[in-house]
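Now, the feature entries from TrEMBL:
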DOMAIN    A:30-232  domain 'MacB-like periplasmic core'
DOMAIN    A:276-387  domain 'ABC3 transporter permease C-terminal'
TRANSMEM  A:21-41  transmembrane segment
TRANSMEM  A:265-297  transmembrane segment
TRANSMEM  A:326-349  transmembrane segment
TRANSMEM  A:355-377  transmembrane segment
Amino acid sequence: MFKHLFKLIWNKKKQNFLLMTEMLVSFLVLFAVFTLMMYYYDNYKKPMGLEYENVWVINYGNSYQTKNTDSLNLYYETLRKTIKSLPHVREISFVSGNTPFSQQINNGGMTYKGKHIDHINNYTAEDSYKDVLNLTLLEGRWFNKEDAVSKNRPVIIDNNLKEVTFGKESAVGKLLGGDDDKNKMRVVGVIQAVKKDGNYANPGPGEYFRTDTGSFRWLSKILVKVDPGSDAAFEGKLYKTMANYMKNSNVEIEHLTNKLRSTNYFALVPMIVLGIVSTFLVINVALGLFGVLWYNINKRKGEIGLRRAIGATGNSVSAQLVSESMILATLALIVGAFFAVQFPLLNVFDLRAEIYIEGMLLSILFVYLLVLICSLYPGKQAAAIYPAVALHEE
Amino acid sequence: MLKNYFKIAIAVLKRRKFFTFISLFGISFTLTILMVLTAFIDKIINDNYPDKKRDRMLYINRIAQVGDGTMQSGTVSYYFLSHYTGMMKTPVKVGISSMFSGTNTYVNNKKISVSYKYTNADFWDVLDHDFTEGKPFNKQQVSNADRVAVISEDMKKQYFGDAPSVVGKYFEADNVNYRVIGVVKNVPITNYMMYSDIYLPYTVSKADYKDKSYSGAYMAFLLAATPGDVPKMQAEYENLIKRVPVERKDFKHVYSHANTFFRSYVDTGNEKQSGVVIVVTAISIFVFIFTLLPTLNLVNINITRIMERSSEIGVRKAFGASSKTLVYQFIVENLILTLLGGVIGVVLSVAALSVINNADLISNLELRINFSVLFIGMLVCLVFGFISGVYPAWRMSKLNVVTALKAQ
């Protein structure tokens, strides 16, 4: 049966070649779109790692200039007390510029036991940081006052960095640092990775450092956890407090919820545009396939009539036509899969192999479905051909 | 002859309405997408509000210092720009402004986000903002550090509501009261180098603009006397930068360029990777794949259509028509079909653009079809029609007279 179908296809190779090319290109386009979708979905499923509701960010930029560390610390500790004494403020924390959902990045790399790890997000955070964002502690503890005097510099890592460096073993107490680093850092805790770039971005590996005495020189943001329902009136008051205290700085207050929305927007808009474009491409291709298959079947009326006359049932005729199209699709998909499989094999774009495979399976399924739908109606029409009429035309 | 072909083409189109629909759908839709894309690119590259003298301008928006394994790259300090561009002879004027940054202001317990920009007085001469009222601040006001502001129409509406005139009124931002002296037409945020809600003299900046380090928050617009002077101005800046010492010992080179608008717009912040190459490659790949599928589809449909007419071809061949004439006829027919699809595509694009404009995805971004967009669209359409016409026509011309006639 299959041999026979292949022969039929081979006999019309020129015409089928074009159809197959079309299926192949559609597959490749769909593969790209589905892979991207699976990548976003995969990230979306991962836990956020932090609570962003009712957290505000105060950007204060350039401000207090002094060479004296003590007076610098006094200046900011007074500011901290002032803000904390406001009603509705639950907890505050001074942080480095790369707060969640900001476009700022602070990246570093290191070589650990011969393995190079790139794009590690470096955060500098205070003891109160964990409570402000309600981070999930998986192992060990967050920073506390004892860390100021510890021999090795304490560091907290997220589970992504832990996995690449220590694998399944527990990380707490281990020493971390590049191979040629003399001053290694001691891991005191492991937290759930934070999706810093929004719901759809991969939470990269990250490490957290504790602020020290000189940190205030370059810290430029404050995270403030406020009571639910704090309104613009209160925000105005907080703003005035900040602006009056820091006469030399430009102050801006942002809400993490709004920042998350705009960050997600940057991921979603290209996705939506791609989605719309590929939907229309698919409709286009479907119409084309449908037209060509329909025409082909009409042209083969004589052949079909003859088959019906010698006893083939309507169903077997339509099954033959549908399976012919499916074999065409299979041939195109084999070629397509050959190209697609190079992506996980060569590790292009650094995505997990499963994502490519899911994308591939989805697009294969989709192409099959498309071809099936497009050939069903022409197949049904062929089944309805009366042998007498068809043969008479001949 | 052409008239005859035209008549035949229309008759054929009417006969198989379903196929005609598929072809027209494919062509018009593809064209719509390409038109929206070109309208968007055109808006970003060619819309020259407020820098109307683009052909005489160069932009400096980055300085990078590179050493072994270290690199620092970003916008430039006011000191660096004013000091070094001050040594240049070719520019007639140098506008300097900071990149926009954000702050809030609170009116009647309502929060308004404001982006602000510090500029020098020449900024207003180099760029041509349309003032709906008032005027820009001058050199005197800048050196006095007067607290004056030029605001955008958008900001006027948000802050003052429907007040007819706001010049002379006070605007509070960052806990400072600024006197409004001018209102300008909005700049869309896609033009990130010039976008802002309020413009203030750099001398009122709270950050220390006298700071002598190289990196800061500023960029510069250099204006040459004539378009012919632009290459000279560019070379002068390049030579100047070669002589600039590095700031710290661990750096080896200082890089900074005075670029044309497009180059500086797509600057990647990386000295080795030109943004132009990346953007052009990405767009070409998208356009290629995107036009490939409909073209293949069209070729498929066209083959089917033409083979259906094998009897007609047979008869015409039997009466002595050469293959060339037939190929010519079918290409013309196909071009007519594509042009028809093109016209529908233009109508669809106008609709799509008005939907996009109304949705206000990016505030103040007005996309419209202009003649260059239309021209590109039509060109794409013709190439499209030609490609999808040639192969089927060639296949058809190979058809043997006898087989073609026998098929009937």
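Glycine is treated like the rest: Cβ placed from N, Cα and C.
With helix defined as DSSP H, G or I and strand as E or B, the domain 'ABC3 transporter permease C-terminal' (A:276-387) counts 100 helix, 0 strand, 12 coil. Panel annotation: around the transmembrane segment (A:355-377), residues 23, 26-27, 30-39, 42, 282, 285-286, 289-290, 293-294, 318, 321-322, 324-326, 328-329, 332-333, 337, 340-341, 343-344 of the same chain, lying at least six beyond its termini, place a Cβ under 8 Å from a Cβ of the stretch.
Listed by sequence, the residues of this chain that lie at least six past the ends of the transmembrane segment (A:265-297) yet keep a Cβ under 8 A from its Cβ atoms are 15, 19, 22-23, 26, 29-30, 33, 36-37, 40, 198-201, 304, 321, 325, 370-371, 373-375, 377-379, 381-382. Summarised as a single figure, the pLDDT of the domain 'ABC3 transporter permease C-terminal' (A:276-387) averages 85.
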